[in-house]
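Peer 1: Quick one: structure below, then a few questions.
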């Protein structure tokens, strides 16, 4: 093992295994440099299954998910035990690429590190497994004149004292949260599960104007959701090509919402002028529910892409309850209209003397009473 290969041992063991909460996180990473741009990263992620822990060597091109380097497969032994990760790794022919990232003569070589969210899923032991956004990140430095060794350490040996001797304390440590994903989920669920259905009911309860304003507000939420969705997609390798079912359906739904808004507006303008139904109105009537259903179904697909499928059951319960309330309200509206129609037909009926009895609310100023 050459000097550069010994360095890898120093990097991984110093950061990962001095952390008392490493194994509680879904992944932990150490990278070269002061930022993610052009950083060579060594990522270890845990697994609740028999796979234990996995070491993955990746390259970062910016503030997004690093890409796996298939040509950098270490001879490694990863063990997950007693609340800590233990990894001993050997890399063959590493000097050709590591010399561009690390100055072996530096006494303060910069490195970055990050911790993933709480361990909640299995990655299957694959070095190409997708990872979620970090919840903690920071920096540290290492004295490279003390980190290396001319003799190769044993892959299964205890090198803790040798490894920790040249590293500084972590600095610039910050907490992080995936705000974009949270905003995307909230505004989209709010739009399709609550606001759009509410707007449809208000058309029957109140007026066309109120219906239009509520649906316009829901459409604005969808636009915000689209923007955050595009932003999130740029962060992860699995979504950069926009080829997941969630993304494809999401784009279709957005186009459907835009068409619905246009159809509804044009239909209303024509109807006010002619007082006649239009073909656009009929399309609007049937397209709306279809777009709504697609939007509701697309949410669970999004949680799968975002590796948060644990929210699908609570989401399904909320949707089921609101669906029951929605249909109950529609039935109530239908019965109320039917009852009112029956009352009016009864009032406009022939009296006992053969004369027509007209209810007072149907009279105007020109009607004469005898």
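In case you wondered, yes, glycine gets a Cβ from its N, Cα and C as well.
Nobody curates TrEMBL annotations by hand; they come from automatic prediction.
Take a look at what TrEMBL says about it:
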- 147-338: domain 'Cytochrome b561' (DOMAIN)
- 182-203: transmembrane segment (TRANSMEM)
- 210-232: transmembrane segment (TRANSMEM)
- 244-271: transmembrane segment (TRANSMEM)
- 283-301: transmembrane segment (TRANSMEM)
- 313-333: transmembrane segment (TRANSMEM)
Peer 1: What stretch of 182-203, 210-232, 244-271, 283-301 shows the most Cβ pairs under 8 Å to the transmembrane segment (313-333)?
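Peer 2: If we count Cβ pairs closer than 8 Å to the transmembrane segment (313-333), 182-203 scores highest.
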Peer 1: So what's the average pLDDT for the domain 'Cytochrome b561' (147-338)?
Peer 2: 88
Peer 1: What same-chain residues lie close to the transmembrane segment (283-301): Cβ under 8 Å, and 6 or more beyond its ends?
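Peer 2: Residues 185, 188-189, 191-193, 196-197, 200, 244-246, 249-250, 252-253, 256-257, 259-260, 263-264, 267, 309, 312, 315-316, 319.
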